[in-house]
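Some features that TrEMBL has for this protein:
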| type | residues | note |
| --- | --- | --- |
| BINDING | 63-67, 177-178, 209-212, SER216, 233-236, LYS303 | GMP binding site |
| BINDING | HIS64 | Mn(2+) 1 binding site |
| BINDING | HIS81, HIS177 | Mn(2+) 2 binding site |
| ACT_SITE | HIS233 | active site, GMP-histidine intermediate |
Amino acid sequence: MAVPHGRTTGRCKRDKGAWENPPVNVDAKWAELEAGYQWLTQKYPRFLNTNNYKHLGTLGTGNHFIEICLDESDQVWIMLHSGSRGIGNAIGTYFIDLAQKEMQETLETLPSRDLAYFMEGTEYFDDYLKAVAWAQLFASLNRDAMMENVVTALQSITQKTVRQPQTLAMEEINCHHNYVQKEQHFGEEIYVTRKGAVSARAGQYGIIPGSMGAKSFIVRGLGNEESFCSCSHGAGRVMSRTKAKKLFSVEDQIRATAHVECRKDAEVIDEIPMAYKDIDAVMAAQSDLVEVIYTLRQVVCVKG
């Protein structure tokens, strides 16, 4: 299997979404992460129970995907969407809870409990940034490993060399969409948290995927400071997963994805295109944030 994916169900002891024996490229990437993992789990042992080594280079579930796409000139693109395989979310949830406890006496003065924070220079502040940076590195290396293994698999099938486009560098389109970064804005150095958003600095390449069955876009940032040089990460949902499963049927899913080779069963109805916003409307709404360089259409989509 080039990339493990999916959720383990029933009494199956084997984790479908993890490696039994990680390949060499995953071992090499884990070597870059191991020291940070040791620090994280020694200081915060709760993270020993999160996904780690055997989940590096794996897809996950939900809206994570691997796609084969074609652009306007029928050039073939490989697009994938995944992150830190849950450990980044676990880090964020834990430290938000810590911040709320730290601010217990003044929490009611905030517009939302989720806006609780640590004071810069405190131990928790520094630990949070260090932990998040590690999770972001995990996410980036996770995507790198998957891309390497998908390319290798395609080359073995087609017996042809798969090359990246000469106009784009791989690191320029390996972009985070849930992360924290120190940046300069309006003459000040600040921390920017992007949740479901990607950086769109002037000339910076990014990826904006549509829903399964819709178009996706390779974009270039326009550096709009009013958005803190950011754009959307995707189309965004118009309804919850629960509502989508109640509202739509497998037959609806089959019709909506007729042009894509993908799963068409009850387990992925929550990812039906109609559960997401119209990607064309989303792109029109952020035309002052990015310019479209390539428009992609899916021909194969693998969901977890």
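Placement of Cβ uses the backbone N, Cα and C atoms for every residue, glycine included.
Note that the structure is a prediction, hence the values are computed from the model and not measured.
Per Cα geometry, HIS81 is the residue among the binding-site residues HIS81, ASN178, GLY236 nearest to HIS64 (Mn(2+) 1 binding site). The two recorded residues ASN178 (GMP binding site) and HIS81 (Mn(2+) 2 binding site) have their Cα atoms spaced 12 Å from each other. If you count neighbouring Cβ atoms within 10 Å for each of the binding-site residues ASN63, ASN178, SER211, the highest count belongs to SER211.
Cβ neighbours within 10 Å of HIS64 (Mn(2+) 1 binding site), excluding its own Cβ and spanning all shown chains: 20. Around HIS177 (Mn(2+) 2 binding site), a 10 Å sphere centred on its CB holds 20 further CB atoms from the protein chains shown. The residue listed as 'Mn(2+) 1 binding site' falls outside any helix or strand according to DSSP and counts as coil. Same-chain residues at least 6 positions away in sequence with a Cβ under 8 Å from that of HIS233 (GMP binding site) are, in sequence order, HIS177, GLY196, ALA197, VAL198, ILE208.
The most crowded of the binding-site residues listed here (ILE66, HIS81, GLY236) is ILE66, judged by how many other CB atoms sit within 10 Å of its own CB. Here the Cα atom of HIS81 (Mn(2+) 2 binding site) is found 7 Å from that of ILE66 (GMP binding site). Annotation note: GLY236 (GMP binding site) sits in a coil segment as assigned by DSSP.
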